[in-house]
C-alpha cells in the first residue's frame with residue numbers, strides 16, 4: 001500500500017488530499033484546505049503554507065506527492081503569486097525526500113472523469129464516487145483528491161509498463 005498526497009496550490013486556499021493505494025483500490029485517508037490570511041504579506045502567507053504542508057507530511061507520511069500545474073491567466077500578478085504557492089507545494093515534499101509529480105488540470109480531469117473538459121461539479125462527483133465516505137467540504141480539497149487519484153492512475157500505468165518491460 002502506498003500513501004499519496006495530492007495538492008491543489010493557491011496562495012489564499014491550498015487544497016490537500018491523502019489517498020492510500022493498494023493495487024487498483026483507492027481509500028480516502030484525509031483532506032482539507034490550508035487557508036492563509038488574505039491581508040497578510042505574501043512571505044507570511046507562504047510561511048503559513050510551508051508550515052502547514054510540512055505538518056501534513058510529518059503527520060501522515062505520504063510516500064509520493066502530486067501537485068496540479070499552474071494555469072496562466074490574464075492577470076500576471078495573480079499568476080506569479082500562484083506560482084509562489086506552487087513552488088512551496090513542490091518544495092515541501094521534495095525536501096522530505098518524497099517523489100513529486102505534476103499534472104495539468106486537463107490531465108487530472110481526464111484521469112478522474114474521462115474528459116479534459118469536465119466541470120468542477122463533475123470532478124467532485126467522481127471523486128466522491130471513487131472515494132466513498134470522503135466528506136469533502138471545499139472544492140479545493142476535492143481538486144486535491146482528484147490530483148491524487150490522477151497520480152494513482154498514472155502510477156499504476158507506469159508500474160504495468162515497467163512490469164511488462166521486465167518480463168520481455
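Every residue, even glycine, has its Cβ placed from backbone N, Cα and C.
According to Swiss-Prot, the feature Mg(2+) 1 binding site maps to 8, 140, an assignment based on sequence analysis. The active site annotation in Swiss-Prot covers 8, 68, 140. What Swiss-Prot lists as Mg(2+) 2 binding site is 68, and the listing cites sequence analysis.
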Cα-Cα distance linking residue 140 (Mg(2+) 1 binding site) and residue 68 (Mg(2+) 2 binding site), given in Å to the nearest integer: 11
When you tally the Cβ atoms that lie within 10 Å of each candidate's Cβ, which of the binding-site residues (8, 68, 140) has the highest tally? 8
Should the residue listed as 'Mg(2+) 2 binding site' be counted as helix, strand, or coil on the basis of DSSP? strand
